Amino acid sequence: MTTSDALPFSATTPAFRRLLGRAVNAAVTLTLGVALAFVAYGALSFLVFGAAWSGDVSACRATEGACWPFVAAKLKQFVFGRYPDDELWRAAAAMLLPPALLLAAFLARRRFGLAGFAAAVVLGLPLAFLLVAGDGVLLAPVSTDVWGGLTLTLLVSYTGIAASLPLGIVLALMRRSSWPVPRWLAICFIEFWRGVPLVTVLFMAAVMLPLFLPEGASVNKPARALFAIAVFASAYMAEVIRGGLQSVPENQVTAGRALGLRYSQILALVILPQAIRSALPGIAGTFIGLLKDTTLVLVIGLFDFLGMIQLAAADPAWSASTTTLTGYAFAALVFWSLCYAIARVSAYLERVTAESRR
């Protein structure tokens, strides 16, 4: 065995040739490596080595690093907003219930199939909102004015995800229809909402939507935000699903007809499963974008996770030079963790579906 064969990284490996094989490649690699090292050193110095890990605001004022006591003191506000202290278990259960039901449906997928996932969505979201809002009988009602923090962020994300996928499928099918009326209705809907910024959509939902309601009728702000985000996300989801539909060969439809299947059966059993499988990366990307876009609800007066961090950073009792930056760093860490979790779930589903095709 030669030395180059024993080493996992030698001059003959493709990775070596791409990174250091030529002078230009080596220069770019070394430049980026040095830049990355400087960024990593600065981030670790602020977040870890030079940070204040205990004490109060005086400890934060004495250092130029992150102020983690601020995060510890305000963590309940970040997660639950102004939700009543004696009812926090309801908000925590509402955040965990939808993903827990989806996990149970996934584990039991061989027995229940798509019906299990549909049941998880149909039951999970209403139960989550029932827990947060209360029913006035078993659970004390809680005003939407005190909803906020990570609880509000996740509830808005859950609703947008659950609504945008079926709406996107319907819109994609309408856009591919041979009938001109549904096709043009779908085109107008999709292109209109894709051409309008989400901030404008939220503003329209918060300010203009009540003007179209009957006299005396009212819709609370979270409901308006949920409606706006679901409609906005469905337009983008429709294009992702349409791309998946276009990847399904036409001979799949022909084969289904040869088996005597009706078009609705071909659509449900042949076309859509393959289209969704092909569109999984795009679907996950849309979900990740939707999760991050929920921070825009602050413009209509809803204090989500990021909004609560900004509100807490303005507290004079925690006035320090690094308080705000620490809050943003904590928000970035939480959002990155959530987005990474979505990406890993998507990658796992891609791997599972690819193995099932073999």
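Keep in mind that glycine also has a Cβ here, set from the backbone N, Cα and C atoms.
The feature domain 'ABC transmembrane type-1' is assigned by TrEMBL to 150-346.
Annotation comment: TrEMBL describes 26-49 (among others) as transmembrane segment.
Long-range contacts of the transmembrane segment (88-107) within its own chain (CB-CB distance under 8 A, at least 6 residues past either end) are made by residues 76, 79-80, 116-117, 119-121, 123-125, 127-129, 131-132, 134, 139, 142, 150-151, 154-155, 158, 162. The annotation transmembrane segment is assigned in TrEMBL to 88-107 (among others).
According to TrEMBL, the transmembrane segment annotation covers 114-134 (among others). Long-range Cβ contacts of the transmembrane segment (114-134) within its own chain (Cβ-Cβ under 8 Å, at least 6 residues beyond either end) map to 90-91, 93-95, 97-98, 101-102, 104-106, 108, 140-142, 144, 147, 151, 155, 158-159, 162.
The annotation transmembrane segment is assigned in TrEMBL to 146-174 (among others).
Residues or ranges marked as transmembrane segment in TrEMBL: 195-213 (among others). Here the transmembrane segment (195-213) has Cβ contacts under 8 Å with residues 219, 221, 224-225, 227-229, 231-232, 293, 296-297, 299-301 of the same chain, all six or more residues outside its ends.
According to TrEMBL, the transmembrane segment annotation covers 266-290 (among others).
Here the transmembrane segment (296-313) has long-range neighbours at 70, 74, 77-79, 81, 147-150, 152-153, 156, 198-199, 202-203, 205-207, 221-222, 224-225, 229, 323-324, 327-328, 330-331, 334, meaning same-chain residues at least 6 beyond its ends whose C-beta is under 8 angstroms from one of its own. Per TrEMBL, transmembrane segment is recorded for 296-313 (among others).
Residues 46-47, 66-68, 70-71, 78, 150, 284, 287-288, 291-292, 305-306, 309-310, 312-313 of the same chain lie 6 or more positions beyond the ends of the transmembrane segment (325-343) yet place their CB under 8 Å from a CB of it. For 325-343 (among others), the entry in TrEMBL reads transmembrane segment.
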